[in-house]
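Taking it in order: structure first as structure tokens, then the write-up.
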Amino acid sequence: MPISRRVQGVVVLKIRIFALARELGLDSKVLLGLCDEAGVPLRNALATITPEEKDQIVAFIKNRDSKDGPKEKTPESLTPTRDLNAGKVRDIQVLPPKVSRSVEEPEPQPEPEPAAAETPDAADVAELPEVVAAETEATKPSEAEEVAAEAVASPAEAETVEAAPVAEEESADTDAPEEEETPEAAAPVAEAEAAQPEQAESESAPEASSPAAKRAPEPAPKAPQKAASPLQRMKSPARREMKPIASVKDREQAAEPPRGKEKPSRPLVAAPPTYQAPVVKAKPKKSTEKAMKPDISLENIVDRSSPLADQLRQLKKVRAEHEGDTRPGQAGGKRQGARKGSLLKELRESREKARSEKRIRRKKRTSHVDLKTSAQIEFPITVRNLSEAIGRPAKSIMGYFFQDGKMVTINDELGEEDALEVAMELGVDLEIKRGRDIEAELLASLDHDDDEDTMEWRPPIITILGHVDHGKTTLVDRLRSANVAAGEAGGITQHIAAYQIEHDEQALTFVDTPGHAAFGEMRARGANVTDIIVLVIAADDGVMPQTEECISHAKNAGVPIIVALNKMDLPEVDDQKTLQQLAQHDMLPSEWGGEYEVIRTSGETGLGLDELVETIQLTAELHEYRANPDRRAVGACLEAFRDEGRGVIAWLIVQKGTLKVGDDVLCGTTYGRIRAIYDDQDNEISEAGPSRPVKVAGLNEVPTAGVHFFVMEDIEEARQVAETRLHEGRAEVLSTRGKPRTLEDILSAAREGEGMQTLPLIVKADSPGSLEAIRGELGKFEHPEVQVAIIHQGVGGVNESDVYLASAADAIIIAFHVVAEDRAEQLAEKEGVEIRRYNIIYEVTEQIRLSLEGMLRPEKKEVTTGRAIVLQTFSVSRFGTIAGCRVINGTISRDNRVHVVRDNAVLNDYRLSSLKREKDDVKEVREGMECGIRLDGFNDVKEGDLLEAFRIDEIQRTLS
Ligand SMILES: Nc1nc2c(ncn2[C@@H]2O[C@H](COP(=O)(O)OP(=O)(O)OP(=O)(O)O)[C@@H](O)[C@H]2O)c(=O)[nH]1
């Protein structure tokens with residue numbers, strides 16, 4: 001770097017030796033030596049010299065070289081390209097390893113060969129003094145080797161040999177005469193190549209063989225063709241690049257050693273390589289034809305209302321939007337980019353939202369949830385319904401039953417008890433809500449007592465019972481001043497009939513039955529419409545078998561009985577004999593001190609009828625028969641038939657309320673809207689109050705005699721109930737609901753009952769003696785809690801009356817040495833009445849004894865099964881306190897109860913809510929094992945408490 005010094009107002013540039021050495025291509029030390037020889041002694045390479053001194057040194061070197069002989073160089077060759085005296089010394093140019101292509105190349109190629117790009121800069125090469133290169137090669141073979149090694153190591157650079165001749169040839173053409181004047185310049189190079197064959201392909205030889213190029217007077221105008229860009233220069237390593245100027249042919253020729261001082265011919269320059277553009281495979285043009293689409297798309301196939309169709313529509317919409325934004329064009333491209341970004345954003349947001357929802361769901365699943373402790377459920381109860389109602393998994397319910405050896409599926413129906421039990425096991429207090437039970441409501445309407453304020457007097461309903469032809473119908477005819485009996489076929493009553501009479505401005509309702517069986521039938525069906533029974537006994541016949549049955553029915557009905565001792569107009573009747581017979585049947589006449597009024601009557605003459613009516617009225621007054629007329633009517637169907645002109649006619653008797661035309665009526669399994677109402681005289685009336693017998697028209701079918709009728713909310717409700725009954729094959733639920741029929745039913749009911757329990761029996765035997773023997777044996781059973789009640793006994797087979805009576809009285813029938821009539825047997829099966837047949841009295845008494853013992857409530861006794869000590873307690877918020885125990889003796893079962901013993905005092909006893917081993921529910925834990933026990937209703941269990949498990953055994957008692 002030149003520095004300046006001001007001398008006498010003139011700026012004198014100082015030149016440093018190392019800069020001059022670099023400029024001359026000499027080593028600084030060599031130059032120092034030369035400086036000494038030239039008379040300019042210097043200390044070191046940092047020393048400076050003046051331009052004059054420089055000129056002196058350069059002149060010395062020139063003269064010295066001239067003296068050396070053929071290697072003398074022209075002063076021009078040592079002259080810097082710029083005037084050093086101008087005060088500015090140019091740095092030695094450092095060639096970049098790679099040079100950009102000339103702008104004058106024929107055609108810019110898309111991807112030029114790397115070798116072409118490595119073409120050395122001709123201008124830089126031209127600026128290099130040839131002598132410097134020669135000196136360098138001659139004095140520093142090691143550097144030449146190094147450069148050669150780099151050339152070999154870098155094939156790309158080596159290939160510059162082929163590219164360089166382009167500039168060389170041009171230079172050679174221009175400067176050919178000068179080139180011939182300096183042929184010796186190639187000799188050292190040739191020698192160097194001969195000495196080091198491996199460097200033959202390096203740049204050194206060609207560079208040395210092209211001095212003309214470097215001495216070109218005006219190389220600059222041509223240099224730009226190969227000029228490297230400033231950037232490339234900056235990136236270039238500070239390394240001297242030797243310019244290749246020989247082609248392969250030159251090198252081949254140069255391989256032959258030069259001979260003597262032959263005039264060198266014009267340097268052979270290889271023809272420039274013909275650039276061959278790389279074959280670029282033509283990219284297949286995109287077909288402009290649209291792809292074939294199927295004629296039928298998924299959208300056309302799927303159901304438009306299906307979820308899949310919705311998905312497809314949304315997908316189509318998104319695609320349409322996307323395609324709309326991806327149309328060609330800059331604006332479209334921007335829109336596409338924006339839309340793409342928007343879609344990505346939406347996608348990210350939707351994914352984040354989905355993840356968030358998933359987290360929330362997971363959190364909900366895993367977070368603590370307060371389980372239900374109470375729940376309600378309606379019938380039908382299935383495992384699934386129960387699971388949903390109590391908020392417990394269905395598998396827990398199924399698991400509970402599985403432990404009991406019962407396999408249930410999720411759709412299986414559970415009984416009420418099972419549902420309550422499993423719910424309790426799972427810690428839920430289950431309440432079973434029953435849907436509207438219309439039948440129960442109807443039953444309640446029959447039994448319901450209306451408010452006293454609404455109650456009004458009503459006529460008594462009197463039922464006439466008695467043996468056939470004892471004059472019942474004649475009696476009623478006489479009372480109502482009609483002659484019904486004359487109109488009956490054969491004089492025998494075929495149907496129940498009801499009439500109302502007026503006596504002393506008071507109405508009386510009489511029900512005439514074709515026999516006591518019909519009465520029993522009505523009672524068996526629950527239609528207990530009778531207030532007072534008039535037992536008609538013909539004085540000339542006295543008490544007959546059917547009379548006895550009527551007495552049993554009458555007594556069992558529990559209503560007042562008035563005896564009409566009829567046909568007293570007949571001569572030679574013995575009324576005392578009849579009174580005595582009555583007394584024998586536990587019907588002691590009032591005139592004998594008993595409670596039964598016996599009125600002597602004659603249907604033929606009217607004897608005693610007033611007294612009979614007065615007695616009935618007096619009895620009615622004593623019992624105060626009342627009813628609420630202002631309510632929907634209920635009552636009983638006494639009889640029904642199909643009338644040719646009026647259709648279905650039902651003979652009804654109103655018990656409560658008022659029946660009106662237009663009412664919607666349910667009667668057994670029939671229903672209908674009341675079209676017309678007729679009184680007992682067949683007069684059409686609009687309504688009928690309590691105790692009034694009427695005939696009605698309007699029912700859809702002929703109802704069964706003896707069933708109840710109800711006025712319903714509407715015809716639809718009546719229809720539904722009627723059809724339900726018909727579907728379930730029952731005439732009327734009310735008559736049989738909850739009534740025990742078999743002996744087991746009776747015994748079970750008796751065990752659950754309170755106070756004295758009675759076993760009702762009907763005994764039919766082959767003879768009065770047998771009856772007496774059986775009665776005597778059964779009378780021996782005496783116990784403060786149970787007793788036998790023979791509600792009817794008789795000689796002969798079991799008949800329908802017996803079955804009806806047994807049905808009405810919840811009794812069983814003992815048939816001793818007799819059988820049941822066919823119709824009775826069928827009826828018994830239909831009514832569910834049990835008929836037990838015996839041939840030995842001992843068997844009868846033994847059976848009755850066992851039955852009575854079965855009615856006794858069993859004795860209950862606690863039996864201790866095991867004990868467990870509480871080792872530790874755990875409090876769980878959901879369940880309460882769990883006692884960690886060890887069974888110290890016996891076993892503890894899941895169905896045990898336990899006494900909690902603390903400090904030798906029994907606190908109380910509790911059932912087990914759960915019994916677990918580890919985490920598993922178990923049915924039993926044996927001695928020495930540890931378990932977890934949770935007590936139902938007791939959370940105050942403490943460490944050290946003793947849990948004494950026990951079961952309750954029931955011990956059957958005996959009459960003795
Ligand atoms: N002498 C006399 N005969 C009577 C009397 N009452 C009824 N009779 C006659 O007894 C017969 C039977 O009379 P009903 O009134 O049909 O007798 P019932 O009990 O109704 O007969 P069923 O309808 O078959 O149960 C008829 O021939 C009557 O004339 C009476 O008080 N005195």
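Backbone N, Cα and C define each Cβ position, glycine as well.
As annotated by TrEMBL, compositional bias 'Basic and acidic residues' applies to 62-75 (among others).
Per TrEMBL, the feature region 'Disordered' maps to 62-122 (among others).
Feature annotation from TrEMBL assigns region 'Disordered' to 134-369 (among others).
As annotated by TrEMBL, compositional bias 'Low complexity' applies to 149-166 (among others).
For 167-183, the entry in TrEMBL reads compositional bias 'Acidic residues'.
Annotated compositional bias 'Low complexity' per TrEMBL: 184-214 (among others), in sequence order.
According to TrEMBL, the compositional bias 'Basic and acidic residues' annotation covers 238-265 (among others).
The compositional bias 'Basic and acidic residues' feature in TrEMBL is assigned to 343-357 (among others).
Positions annotated as domain 'Tr-type G' by TrEMBL: 457-626.
The region 'G-domain' annotation in TrEMBL covers 460-608. Across the range of the region 'G-domain' (460-608), the DSSP-based residue counts are 51 helix, 41 strand, 57 coil.
All protein chains considered, the CB of D469 (GTP binding site) has 14 other CB atoms within 10 Å. Per TrEMBL, the feature GTP binding site maps to 466-473, 512-516, 566-569.
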For the domain 'Tr-type G' (457-626), provide the mean pLDDT of the predicted model.
83
What are the non-local neighbours of M568 (GTP binding site), defined as same-chain residues 6+ apart in sequence with CB under 8 A from its CB?
A539, D575, R600, T601, S602, L607, G608
Counting every protein chain present, what is the number of Cβ atoms, excluding its own, within 10 Å of the Cβ of G466 (GTP binding site)?
26
Got a sec? Which of D469, T513, M568, the binding-site residues, have CB under 6 Å of any ligand 1 atom?
D469
By DSSP, what is the split of the compositional bias 'Basic and acidic residues' (343-357) into helix, strand and coil residues?
15 helix, 0 strand, 0 coil
